[in-house]
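To keep things clear, I will list the structure first and then write my remarks on it.
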Amino acid sequence: MFDSTENRMTIAAAAFCLGGILLFVGMAGIALITQTGESGANGLFDAYIWRVTRFTLLQAGLSTALSILFAMPVARALARQASFPGRIWMLRLMALPLGLPALVAALGLIEVWGRQGILNHVLSAMGQQPISVYGLFGILLAHVFFNMPLAARLMLAGIERIPAEYWRSSANLGMGSLAIFRFIEWPAVRGLLPGIAGLIFMLCATSFTLVLTLGGGPAASTIEVSIYQALRFDFDPPRAIALSGLQVALTGALLVALRFLAPSPEEGQTSGRAARRFDGLSRLSRLADRTWLALALLFVGLPFAAIAASGLQADLPRLVSEAAFRRALATSAAIALPSAIISVVMAGLMIRAQRLLVARRRREMPARLFAGTIGASTSFILLAPPVVLGAGWFLLLRPFGDVARFAPFVVIAINALMALPFVHRVLAPAMATHAARTERLAASLGIHGFHRLRWIDWPALRKPLLMALSFALALSLGDLGAVALFGSQDLATLPWLLYSRMGSYRTADAAGIALMLGLICLVLTVLGTAGEKQAEGRGA
């Protein structure tokens, strides 16, 4: 245990952080509610709003179905072919989309699937009509690019938890591929599907950057993009307020569904012996598995290759020497670093305070309520996406003059809050394990305060802390949603500069910026996972 003074300081600091979160989100919500008025209430019945809502749900549902449909054979192929050369690199490649900024990924998909892309050149050579990457097709393509690898890795983890005895029994019984899928693999994956589908549906329903870039117009607009357009171009606060209310309600319903749908991890039924599979050895099975793996490799890898190829063709020395690029890089760093540090510090304090309250087994209602509120705070943040928070603060600050004066602080706060759930997920297990191992011994030796932090906490938690910091930095550097409403010549981040160059058809500059931004974020993501054990079947 910590000494009583340290306990009180930790709990007080966590209470300050929690109060700041509630105040920041609550004031944005109050700004939206108080300015609703009769026109905002009537706006809920606007045909345009309901059309946008229907399209949001349609594209999210289709994206979820396609991601799971294509992830299933890829996960099965990876599970059956557990020793082919390059399998670990295939798994690492499928983890890369999670660290790639959405705007950079959109540009890579345009390079492959766009009018002048690789695929249309092939179709043109075959005498076929070109395809358009904009509209519903482009949105579905981008969402599958991000979420199919995620779903495949989660399914693979479920399949690899199947006890080894099942595979030996299936071989002894002479079960074929279809029977193995029906009686062994499908029961293991079926329990994971609701949670995977709910997670992907929520990510797609709250998608902003991909829809803004690939939507192609009002006919393919989601709720978040419509909020941005209502304030940025139309300046229609009542419509933005009505849309924000719908977005919060939709996100809340999805979070509630996720809480019930997400399965708890199952324990294996064996002593941990490595499972050896006997299926997938026939020529037909190997051909089918290699075909799916090759298609997945092309689908995920080609946009990365296209980004690198087009970016290297840009005039990178000239681009780096431009004042606009240097300002955008400095602005991105000035926003990302404070937001990442704030997010990591807040998560660490709140995790430690919650553990103190639970460990002391306090039975007072305020203590129990406070501990529960800390635990639910990360989910509470997800209720308000960046565009909704930005819309609330945009309306709140408008009476005070030029909103641009306050924009950097608002963007830093939004980015810190958006990274908090991911930082919490990284730090919470590590801090719980560390406390269980060292808390009693440190208390018995009288080690506390700065000495405990220096000699006990920092050596053990250095890797997860740096991992959380690198993830938070990558998220903030690649985010466009928070800065979308406030972006201007005076507040231009790298994603905003990239979006501006794409909008002005300066494709060579856009490719160069995308390459550098993507490399920065991917390096941060790789550094964040450098301390992890390299488990091939890991699903997260």
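Each residue, glycine too, has its Cβ placed from N, Cα and C.
Automatic, uncurated: that is what TrEMBL annotation is.
Database features (TrEMBL):
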DOMAIN    53-259  domain 'ABC transmembrane type-1'
DOMAIN    325-528  domain 'ABC transmembrane type-1'
TRANSMEM  12-35  transmembrane segment
TRANSMEM  55-79  transmembrane segment
TRANSMEM  91-113  transmembrane segment
TRANSMEM  133-152  transmembrane segment
TRANSMEM  192-220  transmembrane segment
TRANSMEM  240-261  transmembrane segment
TRANSMEM  292-312  transmembrane segment
TRANSMEM  324-349  transmembrane segment
TRANSMEM  369-394  transmembrane segment
TRANSMEM  406-427  transmembrane segment
TRANSMEM  465-487  transmembrane segment
TRANSMEM  507-530  transmembrane segment
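Beyond its flanks by at least six residues, the transmembrane segment (91-113) meets 78, 119-120, 131, 133, 138, 141-142, 145-146, 149-150, 152-153, 207-210, 213-214, 296-297, 300-304, 306-307, 309-310, 474, 477-480, 495, 498-499, 502, 510-511, 514, 517-518, 521-522, 524-526, 529, 536-538 of its own chain at Cβ-Cβ distances under 8 Å. Highest Cβ pair count under 8 Å relative to the transmembrane segment (240-261), across stretches 12-35, 133-152, 369-394, 507-530: 369-394. Stretch with the most C-beta contacts under 8 angstroms to the transmembrane segment (12-35), considering only 192-220, 369-394, 406-427: 369-394.
Three or more CB pairs closer than 8 A are found between the transmembrane segment (133-152) and the transmembrane segment (292-312), so contact between the two stretches is assigned (pairs 6 or more residues apart). Among the listed stretches 192-220, 324-349, 507-530, the one sharing the most Cβ pairs under 8 Å with the transmembrane segment (55-79) is 192-220.
Put simply, of 324-349, 369-394, 465-487, the stretch with the most CB pairs closer than 8 A to the transmembrane segment (507-530) is 465-487. Proximity of distant same-chain residues to the transmembrane segment (192-220), defined by a Cβ-Cβ separation under 8 Å and at least 6 residues beyond the stretch ends, is recorded for 55-57, 59-61, 63-64, 67-68, 101-103, 105-106, 109-110, 132-136, 138-139, 141-143, 146-147, 150-151, 154-155, 158, 228, 247, 250-251, 254-255, 257-258, 261-263, 385-387, 480-481, 484, 495, 499, 502. Within its own chain, the transmembrane segment (369-394) has Cβ neighbours under 8 Å at 11, 14-15, 18, 21, 24-25, 27-32, 206, 208, 224, 227-228, 231, 240-241, 244, 247-248, 251-252, 255, 259, 350, 353-354, 357-358, 403, 406, 410, 414-415, 417-418, 420-421, 424-425, 479, 481-482, 484-486, counting only residues six or more beyond its boundaries.
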